[in-house]
Amino acid sequence: MVLSPADKTNIKTAWEKIGSHGGEYGAEAVERMFLGFPTTKTYFPHFDFTHGSEQIKAHGKKVSEALTKAVGHLDDLPGALSTLSDLHAHKLRVDPVNFKLLSHCLLVTLANHHPSEFTPAVHASLDKFLANVSTVLTSKYR
């Protein structure tokens, strides 16, 4: 999906509001994914899945940092996420559907924390952005 100039503005504005809460929101989204979609836990056999575990916080921070990098490279997501795509496709072998599940959980988390800013237009822009990130992350599976 092509991101319009309005989408890019919505994404950057929304991400600025996330700011220093990125790691916290990332961890909340990861925890929400594990609770809502328990099969996703199979990729993390060494994790402590209790609320607020350090492993969930650390992975949430990684997710947030990767998305922050992607927001900074909206015109070159494949270049910005190439290493991460290789990791997930060749080493971790994560089922591509899990990216969609995490994206959904992230949208729910952001809507929960920023309800007044999470307008239909912002929701649509973030959804397109996360779909594009998912597409890039799964592009090397083929």
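Glycine is treated like the rest: Cβ placed from N, Cα and C.
Database features (Swiss-Prot):
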BINDING   HIS59  O2 binding site
BINDING   HIS88  heme b binding site
DOMAIN    2-142  domain 'Globin'
MOD_RES   THR9  phosphothreonine
MOD_RES   LYS17  N6-acetyllysine
MOD_RES   TYR25  phosphotyrosine
MOD_RES   THR109  phosphothreonine
MOD_RES   THR135  phosphothreonine
MOD_RES   THR138  phosphothreonine
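A distance of 21 Å separates the Cα atom of THR135 (phosphothreonine) from that of THR9 (phosphothreonine).
Between THR138 (phosphothreonine) and HIS88 (heme b binding site), the C-alpha separation comes to 8 Å. For TYR25 (phosphotyrosine), the nearest neighbour among the recorded positions LYS17, HIS59, THR109, judged by Cα separation, is THR109. Each residue contributes its Cα atom, and for THR109 (phosphothreonine) and the residue listed as 'N6-acetyllysine' those atoms are 13 Å apart. Counting residues of the domain 'Globin' (2-142) by DSSP class, helix then strand then coil, yields 110 helix, 0 strand, 31 coil. In sequence order, HIS114, GLU117 are the residues near LYS17 (N6-acetyllysine), counting only same-chain partners six or more apart with C-beta under 8 A.
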